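Shown below is the structure under consideration.
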Amino acid sequence: MSSLPLSVATKLFRWAFGTISIAIIVGCIAISYLSYSVWTYVDNLGVAKQGQQEYMAAQLEIEYLKLQDAVDDALAGGPEDIEDVRKRFDIFYSRTLPLRFGSQAGQFNADLLKLQAVLDAQVPLIDGTDAQLFGQLDQLAETLETVRPLPRKIGLDFVSHEAKAGQREREKIINLIEILIISVSSMIIVFIAMIVGLLRQAKTLNTTTQLAEERDQRLSATLRGSLDGVVVTDENAIIIDFSQSAEDVFGFTRDQAIGQSFFDLLLPAEESKMFYAAMANYRQTGKTTFAEKGRQELNMMHQDGHAFPAEMTASIAHAGSHAFFICYVRNITDQKAQKAELISSRDDALSANRERSRFFAMMSHEMRTPLNGVLSALQMLEGSELNCKQRSYVGAALTSGDILMGHINDVLAVESAEKRKNPEPTPCDIAALTNSLVATLQPLARDNQTAIELVQPEAGQQFFLTDQRAIQQIIVNLLSNAIKFTPSGSVKLETSYSKENGTLIFDVTDTGIGIAEDDVKRIFDDFVSLDSSYERRTNGTGLGLGIVQRFVTNLGGEITCKSTLGVGTHFQVILPMQEAAPATTNNAQQTTSYESSKNRQSLLVVDDNEINRDLLGAMLERLGHKVCYATGGQQAVNISLEHRFDAILMDISMPGVSGTQATQRIRASRGPNQNTHIIAVTAHALPQERTAFTDAGMTGFLAKPINLKELDACLLGARKDQHSASESLPHTSDSLVDVAQVNELIAMLGHDTFMDRLDLLKTQFKTQIDEIQATQDLAGIETYAHSMAGSCGMLGAKHLHSVLQDIETACKTGNAQDALGLVKQLESIAADTFDAWNNTLGQSPKVAT
């Protein structure tokens, strides 16, 4: 049973004590009154007056008889007895007067009046002469005889009345005594109850006092142990309590702080003024602007005079009409320092992230471009007359260069995955995509003696709205990784779609070497290569699974891995996916020819790379424009001061004067190109860098690699109005040839020129395929694959280009089994590609024999 709060119990006790006290006072007054009444009644019983009346009433009959005897004696004697008659008459008459005028005469008034009337009538006779009295004694005797019964009757009535009155007095006394006893008993009970109540209250008070002392001790211990300083003030901000922690926070002792102003002692002048105003407002309105407002940060003063940042929480408590403020103060100097350190660390991390992005941008342009130049020079050197030792050196240099390029591309793939946070979703046929990818990886699996099994729903085509490039990268990385670590085993790719959950699931299961339990937790980290001799032979960068995880995360999905060492590994990818309508294709594909006569412009191309500069110029000339070239930023500025151009295509990263610097100088000049459109041309640009391009004065942006349509749209601003129908090539659903690229090449080079290049490629392939299939020289195979991959890629043979790249990669990594196995497949893949070209172009192949 819960006890009442102390304040409520105290109020109840005071009310009960007051009530009982009033009852006791009233009881004492009542008892005093009753005692007085009893005493009065008892005292009245002994009053002489009341006894004299009784005596006279009793003597009245005796005196009457004596009077009658005196009259009789006088009648019998002589006149000498008259005096005795007068005496007895006077005595008898005197007995009636007290009774007549007594306090109880009214009870017998009629008899007394009758008797008195008779006696009054005889007074003249009694007061007359002796002779008269003696002469009328007979008449007096007769008159007395008529009132003979009255004295006796009056005496008896009076006695009876007195007896009854005495009885009533005794009953009253008894009643008063009973009431007095009851009152006294009640008072005794009240006193006993009050004593018991006081004892209980004393016990409760002792218990409460003990609890209060314990609570006070606990509170004191809590305050002493609190890390926050506790300062209690009254409503005038005078400190009335100062905890030990407050001593540590402020440096003042409790004795120094008690009685001092909180504002003057603990606050700087600026803060003190603000709080004085707030306290004055509280005293006027009763509303506080600083208490019960949660945590507040402010500067406070230490005993040594220095200000420190503090966090204060103030609350208000009321005791009667008085208010108290309890302030909890914490020194947050360390927290502020840690926060500043965290902010600095965050800024450093953001800066490092920006520098990393700049590094990726630089590596894309500044590292791959010269590395491609080195590899091209080595390839040209390899084609020259070299002895065996020199050719071996060149082959080793090419192999190392290609491996380095592969590592750079892997790192750039990580950056690409991180940047593709919100890819543009397009309809994707998952069944067709997985079939194509499994077919592409079959040569790699055969070389590794690995069987690939594809399990997917039998519903046929099923389109989903997603990022196809990300899906492709996920599946290729998982499958190639599974094949690589499953020699002479099996790999299964299973796809399924849950309409209820709207999720597409990829399961990749292998029977390979497996992964140790401790290693499973870190396989998705970047640059993680598990310590096994087999993996070291693969020369992997350790980025593949990290790239997969990034793409899965970007698509809003999750990837899990379960593996048993020596048994195999199971990867599962779950992606939220929406079904989509099949992507529509136009079998009458159109290519665009551009009317040079109507849209001819004078353009300036600025690029320090000769290859890029010449290629961009050729594309612009194909569009019908007049092109002028500048090899650097300063030369562009000089030329722009002499000739006016309709637009300037400006490379960004150039030695000396950069593209942005050149743009700023052109805008600042008063030359003819001050307001000319300047278009930024770069291979890699961050969003903030594009903002910098705009701030420098550039009005457009082109990302490398550039195609004719994007270039024309950027220059003319309205693609639909700037092209007309030209020779159209029918689309093919075959994934062997990139029809769009073929159409663009035909538009740029012309149909005949394109066919000549295609025939030349076919002739080179036919003349060298037998030699490549017969050799075991990985360096020679790598050189051939590298050379042919570039040509096939340029002419749109995407599948053949992919296979040649796989051969090149296998040669670079020393995987002869994979390389030779893919070389054996080249002839059949090339034949299928040639047929696809023939079907696309609608003519027979021209293959030299």
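Here the Cβ of each residue, glycine as well, is placed from N, Cα and C on the backbone.
Below are the features listed in TrEMBL for this protein:
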- 12-34: transmembrane segment (TRANSMEM)
- 173-199: transmembrane segment (TRANSMEM)
- 215-274: domain 'PAS' (DOMAIN)
- 362-579: domain 'Histidine kinase' (DOMAIN)
- 602-719: domain 'Response regulatory' (DOMAIN)
- Asp651: 4-aspartylphosphate (MOD_RES)
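Situate these features within the shown structure.
Cβ atoms under 8 Å from those of the transmembrane segment (173-199) belong to residues 16, 20, 23-24, 27-28, 30-31, 34-35, 37-38, 41-42 of the same chain, restricted to positions at least 6 beyond its ends.
Looking just at the domain 'Response regulatory' (602-719), the mean pLDDT is 82.
In three-state terms derived from DSSP, Asp651 (4-aspartylphosphate) belongs to an extended strand segment. Non-local contacts of Asp651 (4-aspartylphosphate) by the CB criterion (under 8 A, 6+ apart in sequence, same chain) comprise Val606, Asp607, Asp608, Asn609, Asn612, Gly659, Val681, Thr682.
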Please give the sequence-distant neighbours of the transmembrane segment (12-34): residues at least 6 beyond its ends with Cβ less than 8 Å from one of its Cβ atoms.
4, 176, 179-180, 183-184, 186-187, 190-191, 193-194, 197, 201
